[in-house]
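What Swiss-Prot says about this protein:
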- G12, Y13, P14, L15, S16, G17, K18, S19: ATP binding site (BINDING)
- 1-185: region 'UPF0200' (REGION)
- 186-323: region 'UPF0201' (REGION)
Amino acid sequence: MVLEMKVIAFVGYPLSGKSTAAEVARELGLPVVVMGDVVREEAARRGLELTDENLGKVARELREKEGMDAIAKRCIPKIRELLKEHGVVVVDGIRGVAEVERFKKAFGDDFVLIAIECPLEVRFERVKMRKRSDDVSSIEELKERDRREESWGLKEAMEMADFTVENTGSYEDFVEKIRQILLKLAKNVEIEIRTKIHPTESEDKVLKAIRNIFPDAEIEISEEGEVYGRAYSLDRFRELLRKQRILDTARSEILKGRNGKEVTIYLNKQTATVSRINFCDENAVLSPIKVTFRLNNIPFSRFLDYIAPETKDGRPVKEIDKL
């Protein structure tokens, strides 16, 4: 089965939120190629200090010598390599039309461009917080940087975007906007975890039970003891199923818990505290761990075979190494 590949790129003016968007992608487990790193690496190779002036000079020279799509061309081999392993790659830092056209030529309909819009004044306020060595020191410098990038076709590149995200509200609102759009575009499994801490239970043990199965879980606890968590890595869950040799049971539970693009299973909380998986009913004593897998751009059959493939004589008939 050939799965859809996806290259998701961010374009925007300096300090509009591209780096934040890239960090959201990393938190979702998506690999990120930072186009600006090509310029920073070239400047470092030349022994130059990483100032805005030096980086601008290096970027300009690369484009004059190798074409306006020079930086994009240098990124493509790395993107292709990451696509082989992950299926989805996020690109941070498109600066002009030529780069968009180069990526479209290389990846066709698998290339998606997201524009981030943010006013000049808001962007300058972020300079003071980011404190990066190559940042501008005044709003006039930022305007000059805008003009420089516009000369490369930045404004036209933003007009070519498939999606536009406004970054004018709170940091949390922007992060959630980016997270939602990436989840829709990327091959991804979002894992929602719910349970309850009863008066007779230890909070530490309940949290340990969850993280024994999903180590990357981000967990919140309400005053009433309701536990909500979100995770993205399936590695430990898969590992334990194979270690315990319960793939047939897991496959059955996944099939039973399927509802469209979601799969819900219930895990025994007590056995999870010792890093063991034991499936149970929804109404189990002391509230089980309810796990819901939301499939984004992943066929259910692929997810099923990746987590719990069919077996023969207790061994997987065919293992799938990646989604």
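Cβ coordinates are placed from backbone N, Cα and C, and glycine is handled just like the others.
Looking at the region 'UPF0200' (1-185) alone, the prediction's average pLDDT is 89. Annotated ATP site G12, Y13, P14, L15, S16, G17, K18, S19; additional same-chain residues within 8 Å of its Cβ mean position, judged by their own Cβ, are I116, C118, R123, N167.
Mapped onto DSSP classes, the region 'UPF0201' (186-323) shows 43 helix, 40 strand, 55 coil. For the recorded site, G12 (ATP binding site), the DSSP three-state label reads strand.
The most densely surrounded of the binding-site residues S16, S19, judged by C-beta neighbours within 10 angstroms, is S16. Here the binding-site residues are G12, P14, G17, and the one whose Cβ sees the fewest other Cβ atoms within 10 Å is P14. Counting every protein chain shown, the Cβ of K18 (ATP binding site) has 25 other Cβ atoms within 10 Å.
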